Amino acid sequence: MARRRPAPAALLILVLAAAFASISSAVRPVSDAHRSAASELFAPSADGSFGDLESTYEAVKTFQILGLDKYKSVTGKACEFAAEKLASPASSSAKDLFHAVRISGVLGCSVDAGVYDVVVARLKAVIKDTNSLLEFYYSVGGLLSIKEQGHNIVLSDAGSTFHAIKALSQSDGRWRYDTNSAESSTFAAGIALEALAGVVSLADAEVDPSMIGVVKSDIVKLFDTIKSYDDGTFYFDEKHVDATEYKGPVMTSASVVRGVTAFTAVASGKLNIPGEKILGLAKFFLGIGLPGSTKDCFNQIESLSFLENNRVFIPLILSLPSKVFSLTSKDQLKVEVTTVFGSAAPPLKVNLVQVLGSDSKVITSENKELQFDCDNNVHYLDIAPLKIDVGKYSLVFEISLQEQDHETVYATGGKNTENVFITGLIKVDKAEIGISDNDAGAAESVQKLDLPKDTKVSLSANHLQKLRLSFQLTTPLGHTFKPHQVFLKLKHESKVEHLFVVPGSARQFKLVLDFLGLVEKFYYLSGRYDLELAVGDAAMENSFLRPLGHLELDLPEAPEKAPRPPAQAVDPFSKFGPKAEISHIFRSPEKRPPKELSLAFMGLTLLPFIGFLIGLMRLGVNMKNFPSLPGPAAFASLFHAGIGAVLLLYVLFWLKLDLFTTLKYLGFLSVFLVFVGHRTLSYLSSASTKQKTA
């Protein structure tokens with residue numbers, strides 16, 4: 001019991017986090033959070049580039065879709081990058097030309113018509129000679145992008161190109177990458193449909209309607225292979241492909257969305273695809289939340305932009321601005337119905353048709369229509385009349401379009417289920433604590449506790465007695481409430497802690513601690529124990545960690561082989577705290593001589609200097625032999641100045657300098673004095689020799 005455990009406060013935090021984790025990942029339309037994430041993910045390098053052409057296109061296209069002005073600041077560098085590839089089409093691959101043309105289209109780069117003529121000829125040559133699906137995709141896509149920029153591009157052999165791409169399709173709606181590929185791919189189906197849509201747009205004559213119908217049938221078969229989750233989310237994934245060709249659900253689903261929306265935009269009629277599958281794809285991309293890579297971000301945003309406006313179905317997203325509601329604050333249930341980018345939905349009604357409990361038990365099936373606030377574009381409903389208590393619930397909504405013509409345009413998904421959490425104040429009453437002597441519960445002392453307030457008790461017990469604690473918890477609707485965490489903590493004055501779970505029944509929470517059976521777990525530690533009760537739940541607005549007082553516990557002496565208390569954890573930051581004051585005991589100073597003796601000694605030290613002065617006076621010092629010529633006079637002056645500097649250094653040594661510093665300076669002065677002194681003495685010697693010879 002005394003092993004190190006998380007503190008009750010930390011346990012309360014964990015309870016709240018676990019309870020809200022299942023409802024925090026809500027499907028919400030594209031918001032400013034996505035724009036901020038895109039700005040951080042697509043960060044240009046120091047030279048202003050995003051890497052290769054494909055990465056550059058993904059960055060500027062994402063910025064354009066999200067309406068970010070950031071792509072304008074990289075226009076010059078990106079256009080220059082694209083122009084380099086377009087200037088040499090013969091040495092550039094179809095993939096590079098494809099991305100370069102699309103970059104120019106997104107940014108409106110100025111490209112000479114003659115340059116595009118050469119690029120068009122190069123791409124048409126690739127289409128004529130290839131049997132690769134990817135080469136068809138890049139070449140047709142590049143030609144279509146040039147046409148969308150205002151140039152007259154016609155694919156004269158569109159029919160044969162259409163058949164060549166269609167020849168790579170399989171019976172299940174998937175496509176092969178080329179005629180040599182053994183396996184088919186869902187990702188390849190998406191780029192094939194996009195390439196076929198480009199061929200139809202570039203054709204100089206109408207493509208065979210029967211072939212268009214066959215491709216529509218292939219799309220329906222492709223959607224038969226779609227996968228789903230229990231919450232109505234749909235996505236595409238590969239079945240059997242090599243690891244090198246596997247793209248993952250995000251890229252595969254994005255490829256299919258691009259291909260299907262592109263093909264339906266150029267084909268007449270409507271595809272026989274259920275609206276809930278289109279809505280499920282939208283939920284899949286929105287369910288990604290904020291992507292962690294540039295590739296996922298681009299695929300998410302571009303796919304949602306295609307779903308925002310397409311000829312199959314426009315998905316309408318039902319979302320809740322908040323999924324936590326308080327009975328105390330009488331919060332309103334608010335529902336938003338928008339497109340994937342948050343645009344307003346057509347006229348519709350939202351009904352709450354069912355409320356399910358956490359165990360899927362039906363709480364109410366009463367159909368309630370939500371009121372519409374046209375100013376804020378939200379549907380709302382008061383939750384008080386629903387008579388639902390605190391806890392987790394699943395709300396089932398049904399969306400009905402008011403105009404029948406909209407049913408073939410928008411996908412609502414029928415019934416939509418949203419998980420919500422209801423919180424409220426929990427009533428705490430009939431709280432008692434006491435000490436008893438026997439199992440019958442005849443208590444020596446029973447004290448009432450007012451747990452909502454700060455009340456403390458003082459108890460005492462020995463090892464033959466028992467501690468009893470009981471209280472009741474009631475919800476706002478009068479039902480017995482069972483929180484996730486109820487702990488009683490006993491903390492000894494030596495910092496040893498013991499946690500006990502307070503069990504609950506249908507009527508009350510009750511804990512009985514038999515100290516006779518707990519003496520070993522308490523390590524035979526007598527003394528004062530602080531009592532602390534922790535009650536916490538995500539639905540409980542008044543969760544608390546309340547000190548109850550203290551208990552003086554008298555336990556028997558510990559036997560010789562009794563377990564010892566565990567070592568208490570040391571705070572790793574305690575070494576950075578204040579240190580204990582250190583008291584030094586210094587040696588008593590030695591006795592000093594009298595002041596008069598010190599002055600007499602100083603006088604004796606000055607006697608040699610006085611004798612030196614008297615000697616100079618008796619010798620008759622004069623300046624007769626001082627050199628008269630400028631050069632020797634300068635060296636003589638420096639020699640005397642050096643001697644004065646040495647004397648000054650001695651004074652400084654006496655006053656403040658240490659021995660090593662003094663020796664360092666004295667070494668420099670000695671070299672100087674040797675040099676100037678030698679020159680001076682040499683002059684005097686030569687002058688004396690000349691006088692003698694004269």
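Glycine is treated like the rest: Cβ placed from N, Cα and C.
In TrEMBL, annotation is done automatically, which means it is predicted and not curated.
Taken straight from TrEMBL:
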- 1-26: signal peptide (SIGNAL)
- 31-308: domain 'Ribophorin II N-terminal' (DOMAIN)
- 316-421: domain 'Ribophorin II second' (DOMAIN)
- 430-553: domain 'Ribophorin II third' (DOMAIN)
- 586-685: domain 'Ribophorin II C-terminal' (DOMAIN)
- 597-621: transmembrane segment (TRANSMEM)
- 633-653: transmembrane segment (TRANSMEM)
- 665-684: transmembrane segment (TRANSMEM)
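Taking DSSP states H, G and I as helix and E and B as strand, the domain 'Ribophorin II second' (316-421) has 8 helix, 56 strand, 42 coil.
The DSSP breakdown of the domain 'Ribophorin II third' (430-553) into helical (H, G, I), extended (E, B) and coil residues amounts to 4 helix, 71 strand, 49 coil. Note on the transmembrane segment (633-653): residues 626-627, 659, 662, 665-666, 669, 672-673, 676-677, 679-680, 683 of its chain, located 6 or more positions outside it, place their CB under 8 angstroms from a CB of the stretch. Per-class residue totals from DSSP over the domain 'Ribophorin II C-terminal' (586-685), listed helix then strand then coil: 78 helix, 0 strand, 22 coil.
Model confidence over the domain 'Ribophorin II third' (430-553) is summarised by a mean pLDDT of 90.
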